[in-house]
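*Asks:* Before anything else, here's the structure in question.
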Ligand code: RTP
């Protein structure tokens with residue numbers, strides 16, 4: 001079993017999609033290990049998106065991720081990282097296939113409902129950043 005970090009972003013929580021999204025992961029075969037509804041601080045937002053610091057949309061991205069509570073999850077499954085990315089779909093909802101979370105629930109790259117870690121290294125960093133421990 002592998003673990004991954006997935007976060008329902010403020011637009012997903014505000015739109016009442018948390019239950020539907022968790023159900024999709026559970027139906028696929030993921031186990032929910034830890035979860036918390038939490039407010040992201042500016043410090044955590046800037047750390048989480050440090051790789052995008054030079055992008056013109058960085059300020060908007062930070063404002064968006066702190067705009068309301070997020071639902072942070074640790075999920076476990078076989079090939080959890082890749083399977084979660086497949087369920088989530090392409091970053092830009094325009095390119096996300098129907099049947100994926102972004103394909104079904106999002107239209108805008110700037111508010112694309114959900115985040116999933118993209119590597120084992122990111123999982124370790126993000127679980128530590130969001131839950132305070134591995
Ligand atoms: P994520 O980390 O959220 O799963 O997304 P990702 O790896 O597929 O994409 P990444 O390049 O790390 O981008 C992180 C988030 O930045 C926002 N974004 N906005 N306005 C824009 O053009 C733009 N481009 C990216 C998205 O919310 C994306 O998920």
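Note that Cβ sites are derived from N, Cα and C of the backbone, with glycine treated the same way.
As annotated by TrEMBL, active site, pros-phosphohistidine intermediate applies to 115. According to TrEMBL, the feature ATP binding site maps to 9, 57, 85, 91, 102, 112. Under the heading domain 'Nucleoside diphosphate kinase-like', TrEMBL lists 1-134.
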*Asks:* Under the DSSP assignment, what numbers of helix, strand and coil residues are found in the domain 'Nucleoside diphosphate kinase-like' (1-134)?
*Replies:* 63 helix, 30 strand, 41 coil
*Asks:* Looking only at C-alpha atoms, tell me how far residue 57 (ATP binding site) is from the residue listed as 'active site, pros-phosphohistidine intermediate', rounded to the nearest Å.
*Replies:* 17
*Asks:* Using all protein chains in view, find how many other C-beta atoms are within 10 Å of the C-beta of residue 112 (ATP binding site).
*Replies:* 23
*Asks:* Are any of the recorded positions 9, 91, 112, 115 near ligand 1, with a Cβ under 6 Å from it, and if so which?
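*Replies:* List returned for ligand 1: 91, 112, 115.
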*Asks:* Please compare the recorded positions 9, 85, 102, 115 by how many other CB atoms fall within 10 Å of each one's CB, and tell me which has the fewest.
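*Replies:* Candidates: the recorded positions 9, 85, 102, 115. Fewest Cβ atoms within 10 Å: 85.
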*Asks:* On the 0 to 100 scale, where does the mean pLDDT of the domain 'Nucleoside diphosphate kinase-like' (1-134) fall?
*Replies:* 98
*Asks:* Are there any residues in the same chain, six or more apart in sequence, whose C-beta is under 8 angstroms from the C-beta of residue 91 (ATP binding site), and if so which?
*Replies:* 102, 109, 112
